[in-house]
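Trainee: Okay, these came from TrEMBL:
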TRANSMEM  12-33  transmembrane segment
TRANSMEM  53-72  transmembrane segment
TRANSMEM  92-108  transmembrane segment
TRANSMEM  114-131  transmembrane segment
TRANSMEM  138-157  transmembrane segment
DOMAIN    139-204  domain 'Phosphatidic acid phosphatase type 2/haloperoxidase'
TRANSMEM  163-179  transmembrane segment
TRANSMEM  191-211  transmembrane segment
């Protein structure tokens, strides 16, 4: 009996360890600052302006990451994970500015409207995340993945993207949401709120593009 109990305990422990590792991997690979680059890469498959992807990478990943590293060095934040809500304000505020600057840069340099509108929507989502974070901890991962799912769903409905892109994004959004809960980084309400915010902003931005 003792051997059975020990075996069961070890199996549960191993399963839990694997779940945590998978959740950590998903959280890292689909970090909110990486999602825009993935989306730009997908859009680039249908465009000829390949240099635009690197512009998106610069304004949505490299600059915000550099700002976060500087804040870490200055002692404004304790870690890049920023588990404390109060420490997320500065990084999110700077990221919103960088995203907005990226959208303006793309607009001024004649990028495809879908890319400009998409990045403007992302900038708005980050800004709203910043404002909400001043009072409540919302899942930035949820915002990012909800936005990705919403954008690809809208493009699919407009005939600009394949159906499997949208379905894949929805599945990944669910997986990342699970990962944040598994790591106990957020409550279910915080994850759902993030997903809803990202989805709403993306669909609203895409609707504006379609009307325009």
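Every residue, even glycine, has its Cβ placed from backbone N, Cα and C.
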Trainee: So which residues does the transmembrane segment (53-72) touch in its own chain, when a touch means Cβ under 8 Å and the partner is 6 or more beyond its ends?
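Mentor: Apart from its flanks, the transmembrane segment (53-72) reaches 33-34, 36-37, 40-41, 44, 78-80, 90-91, 94-95, 98-99, 101-102, 105-106, 109, 111, 115, 119, 122.
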Trainee: Any residues 6+ beyond the ends of the transmembrane segment (114-131) with a Cβ under 8 Å from its own?
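Mentor: Sequence-remote neighbours of the transmembrane segment (114-131) are 36, 39-40, 43, 47, 52, 56, 59-60, 89, 92-93, 95-96, 99-100, 102-103, 106-107, 138, 140, 143-144, 147, 151, 155, 160, 194, 197-198, 201-202, 204-206, 208-209.
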Trainee: Can you give the mean pLDDT for the domain 'Phosphatidic acid phosphatase type 2/haloperoxidase' (139-204), rounded to a whole number?
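Mentor: Averaging the confidence scores along the domain 'Phosphatidic acid phosphatase type 2/haloperoxidase' (139-204) gives 95.
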Trainee: For the domain 'Phosphatidic acid phosphatase type 2/haloperoxidase' (139-204), jot down how many residues DSSP puts in helix, in strand and in coil.
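Mentor: The composition, in the requested order, is 55 helix, 0 strand, 11 coil.
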